[in-house]
Amino acid sequence: MPSPQPIASALHYPSIGMAAIAIGGLPVAWNIVARNEYRNKSIQNSPLFLKFKKNNRQAAAYLLAVGIFVASCGRDALFKVAMDRNPSSVLPLLCPHMFGRHREAVFAAIKCIAYALFTFGSTLVLTSFARLGVTGTYLGDYCGILMKERVTAFPFSHFENPMYLGATLNFFAAALAENNAVGVLLTGWVGLVYHVTTTYCENPFTSKIYEDKDKH
C-alpha cells in the first residue's frame, strides 16, 4: 500500500492564494474607490454621469453597489473553488475515522450546526440590508447619500457590524458543512480582514463623514 501523501504537498496552493487575495483585496479596493469618490467625486463628475444632473449621486452609488456585489460574487466563487480543489479534511476532530460506527450521526449533527449558522448568518445579512437599503449597505455615504439617523433596530441593536458578521458566519458554515480545513482557514482570514476593515477604515471614516455633515 502506498504511503499517504503529505497534507502540505496535497494542497492546491494557487486556488488558496487566489481566494486569499480576493478576500483581502476586495475591501481594500472598494474603500479606495469609495474614499476617492467622497473626496473627488470622480464617478459623479464623469461625462457618463453628468447627464443625470441632480441624480448623479444615486447613479454613482448604484454603480458602486453593483461593482461591490459583482466582485463579492467573484470572491465567493474563488472561496468555493479553493474548497473544491482542497477537499481533504485536515481537522483531526472532524476526520471520519475518529468516530467509527458513530461517524454518520456525528457528521449529521455537524451539518445541522452548519445549517443553523448559515441561517443565522443569512438572517443578519438580510435584516441588515433591509434596514440600510442598497445605498446604506454599499457605501452610499461616500457618494453623499447620508442617512437621516443612526439605525438602532435589530440587528444593529445587538451587533455593531452585523452584515460582516453574518457573511463571516456563512463562510464558516459552508466550510463546516464540507468538513473543509482550507475553508475554515480562509474563513479566519475573512474574519480578520473584516475586523481590520471596520475597525481602522470604514467605521472611522464613516463617522468622519457624519461629523463633517453636522459641522455644516
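Positions of Cβ are set from backbone N, Cα and C atoms, glycine also.
Residues annotated as topological domain 'Lumenal' in TrEMBL: 1-13 (among others). For the topological domain 'Lumenal' (1-13), the model's pLDDT averages out at 56.
Here the transmembrane segment (12-33) has Cβ contacts under 8 Å with residues 64, 67-68, 71-72, 74-75, 78-79, 81-82, 84-86, 139, 182, 186, 189-190, 193-194, 197, 201-202, 205 of the same chain, all six or more residues outside its ends. Residues annotated as transmembrane segment in TrEMBL: 12-33 (among others).
According to TrEMBL, the feature intramembrane segment maps to 14-34.
For the topological domain 'Lumenal' (35-46), the list of distant contacts is 56-57, 59-60, 63-64, 141-144, 205, 209: same-chain residues at least six beyond its ends, Cβ to Cβ under 8 Å. The annotation topological domain 'Lumenal' is assigned in TrEMBL to 35-46 (among others).
Per TrEMBL, transmembrane segment is recorded for 106-126 (among others).
Sequence annotations record features per position, and here TrEMBL assigns S-adenosyl-L-methionine binding site to T119, F120, G121, E202, N203. The DSSP secondary structure for T119 (S-adenosyl-L-methionine binding site) is helix. Under a cutoff of 8 A between CB atoms, and with a sequence separation of 6+ in the same chain, T119 (S-adenosyl-L-methionine binding site) has no neighbours.
The annotation topological domain 'Lumenal' is assigned in TrEMBL to 136-178 (among others).
The annotation topological domain 'Cytoplasmic' is assigned in TrEMBL to 201-216. Secondary structure of the topological domain 'Cytoplasmic' (201-216), assigned with DSSP and counted as helix (H, G, I), strand (E, B) and coil, comes to 15 helix, 0 strand, 1 coil.
The 10 Å shell around the Cβ of E202 (S-adenosyl-L-methionine binding site) contains 21 further Cβ atoms across the protein chains shown.
Taking a C-beta cut-off of under 8 Å and a sequence gap of six or more, N203 (S-adenosyl-L-methionine binding site) has these contacts in its own chain: E160, N161. Sequence-distant contacts of the topological domain 'Cytoplasmic' (201-216), counting only residues of its own chain at least 6 positions beyond either end whose CB sits under 8 Å from a CB of the stretch, comprise 27, 31, 35, 38, 139, 141-142, 146, 160-161.
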